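Student: As listed in Swiss-Prot for this protein:
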REGION    1-204  region 'Precorrin-2 dehydrogenase /sirohydrochlorin ferrochelatase'
BINDING   ASP22, VAL23, LEU43, ALA44  NAD(+) binding site
MOD_RES   SER128  phosphoserine
REGION    216-457  region 'Uroporphyrinogen-III C-methyltransferase'
BINDING   PRO225, GLY301, GLY302, ASP303, ILE306, THR331, ALA332, MET382, GLY411  S-adenosyl-L-methionine binding site
ACT_SITE  ASP248  active site, proton acceptor
ACT_SITE  LYS270  active site, proton donor
Amino acid sequence: MDHLPIFCQLRDRDCLIVGGGDVAERKARLLLDAGARLTVNALAFIPQFTAWADAGMLTLVEGPFDESLLDTCWLAIAATDDDALNQRVSEAAESRRIFCNVVDAPKAASFIMPSIIDRSPLMVAVSSGGTSPVLARLLREKLESLLPLHLGQVAKYAGQLRGRVKQQFATMGERRRFWEKLFVNDRLAQSLANNDQKAITETTEQLINEPLDHRGEVVLVGAGPGDAGLLTLKGLQQIQQADVVVYDRLVSDDIMNLVRRDADRVFVGKRAGYHCVPQEEINQILLREAQKGKRVVRLKGGDPFIFGRGGEELETLCNAGIPFSVVPGITAASGCSAYSGIPLTHRDYAQSVRLITGHLKTGGELDWENLAAEKQTLVFYMGLNQAATIQQKLIEHGMPGEMPVAIVENGTAVTQRVIDGTLTQLGELAQQMNSPSLIIIGRVVGLRDKLNWFSNH
């Protein structure tokens, strides 16, 4: 181990930065955040330093570096573009046994600055020992995606509960299980972020008083349209905390590869016109797993509340008293249109968007007259098998036969395929495509030739 990672208490302690430019400013922000009593020495300063000094946040010493500035310091940073000066600051600090960081010169420094993930009071520091700062930054970005934004507030709140938890739970095992539940409780994190004292109290009492081994929950997560990069940050966090993941055919393999490795996976394989597992059975799977005390993620393609039957599944849970939450996803209409170069709205062509199910059930006739109106974009989900009927009905109700249309297959995936034409060709075009596909109808489709970016990558 080349460096010992430590966390320094700098509040109200004297620290020195030599340098008055942009790099020095970045270092100053960190020391100010840590509560240091900061002095900055340079021949000239960028405006931010002057603003901080005017606000009484730090002291500026304009002029050449003088070693006496180090006399009361606990820590120093040399952040100038003058290598000789940086070396001089480092040597002066070394002679006084003061730790000194030298920017971009780790060999001349007695400590290095890590990449920091701040979820105060939780702090994570990542360092490559100065050999590869870019790698450290990339690792920090990865870790940022895994740590919920409100985790720091939950950690701080946990500190306030320690005494009560110790009284409530007799064994270390019970306390550990309680803390595990608390730190993954999404409702508590959101309540703390909103400073909702009533919800904080209710959730805390529920967590403390419920049986530790018999309380499960379900999180309904939208997986997005296909590309794993379009899964939301919160969605990623949920699938990596799950005990059980119940998922559909429309959830891509790339996204399933992100699921926690030891989570149970239950495939319910829903597809247009055919359900491998009946909806009622899916509802019962969610209920049964949650009643075992497990954290269940119901993972759905797109957004779970847009033609995903998410509401039906949650009603079952609600009736059984199972706690649940929802993480929205990028719906297929948004993802497929963006990756096909088709804006859903445009000032010149469409002032509204209609999202329509292509399951045209008997007795559930659509309002074709309104759908055939100009200045809007129609997006049909699961409409491939009904494309000829959609074409016929829209033309019968006045939509021009030359209206541009597009069908997007496997939208946002590397296997995405798009075919376009006119409304009079829709039924014929649909025969060339496979599910899952989305039908887009409107003048905005005409912009595809100009705005199509994804097929060029």
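Placed from the backbone N, Cα and C atoms, the Cβ positions cover glycine too.
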Student: Name them in sequence order: residues not among ASP22, VAL23, LEU43, ALA44 whose Cβ is within 8 Å of the mean position of the Cβ atoms defining the NAD(+) site.
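Tutor: Close Cβ neighbours, site residues excluded: GLY19, GLY20, GLY21, ALA24, ALA42, PHE45, ILE46, ALA79, THR80, ASP81.
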Student: Find, for the listed binding-site residues PRO225, GLY302, GLY411, the residue with the lowest Cβ contact count at a 10 Å cut-off, counting only other Cβ atoms.
Tutor: GLY411
Student: List the residues in the vicinity of the S-adenosyl-L-methionine site, defined as same-chain residues other than PRO225, GLY301, GLY302, ASP303, ILE306, THR331, ALA332, MET382, GLY411 with C-beta within 8 angstroms of the site's C-beta centre.
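Tutor: Sorted by sequence, the hits are GLY224, LEU250, PHE307, GLY308, GLY329, ILE330, ALA333, GLY335, CYS336, TYR381, LEU438.
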Student: Relative to the Cα of GLY411 (S-adenosyl-L-methionine binding site), which of the recorded positions VAL23, ALA44, SER128 has the closest Cα?
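Tutor: For GLY411 (S-adenosyl-L-methionine binding site), the closest Cα among VAL23, ALA44, SER128 is found at SER128.
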Student: Quick one: Cα separation, ALA332 (S-adenosyl-L-methionine binding site) versus ALA44 (NAD(+) binding site), in Å?
Tutor: 54
Student: Return the count of C-beta atoms lying within 10 angstroms of the C-beta of LEU43 (NAD(+) binding site), excluding that atom itself.
Tutor: 12
Student: Mind giving me a neighbour count for VAL23 (NAD(+) binding site)? Other Cβ atoms within 10 Å of its Cβ, every protein chain shown.
Tutor: 16
Student: Compare the C-alpha of SER128 (phosphoserine) with the C-alpha of each of the recorded positions VAL23, ALA44, ASP248, GLY302, and give the closest one.
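Tutor: The smallest Cα gap between SER128 (phosphoserine) and any of the recorded positions is with VAL23.
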Student: Using DSSP with the three-state reduction, classify ASP248 (active site, proton acceptor) as helix, strand or coil.
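Tutor: It is coil.
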Student: Just to confirm: which same-chain residues, 6+ apart in sequence, have a Cβ under 8 Å from the Cβ of ALA44 (NAD(+) binding site)?
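Tutor: Set apart from ALA44 (NAD(+) binding site) by at least 6 residues yet with Cβ under 8 Å, we have GLY20, GLU62.
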Student: Find the shortest Cα-Cα separation between ASP248 (active site, proton acceptor) and the binding-site residues ASP22, GLY302, ILE306, and name the residue that gives it.
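Tutor: It is GLY302, whose Cα lies nearest.
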Student: Please give me the CB contact count at 10 A for ILE306 (S-adenosyl-L-methionine binding site), counting all chains in the structure.
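Tutor: Summing over all protein chains shown, ILE306 (S-adenosyl-L-methionine binding site) has 18 other Cβ atoms within 10 Å.
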Student: Check GLY302 (S-adenosyl-L-methionine binding site) against DSSP and tell me helix, strand or coil, would you?
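Tutor: Going by the DSSP assignment, GLY302 (S-adenosyl-L-methionine binding site) falls within a strand, counted as strand.
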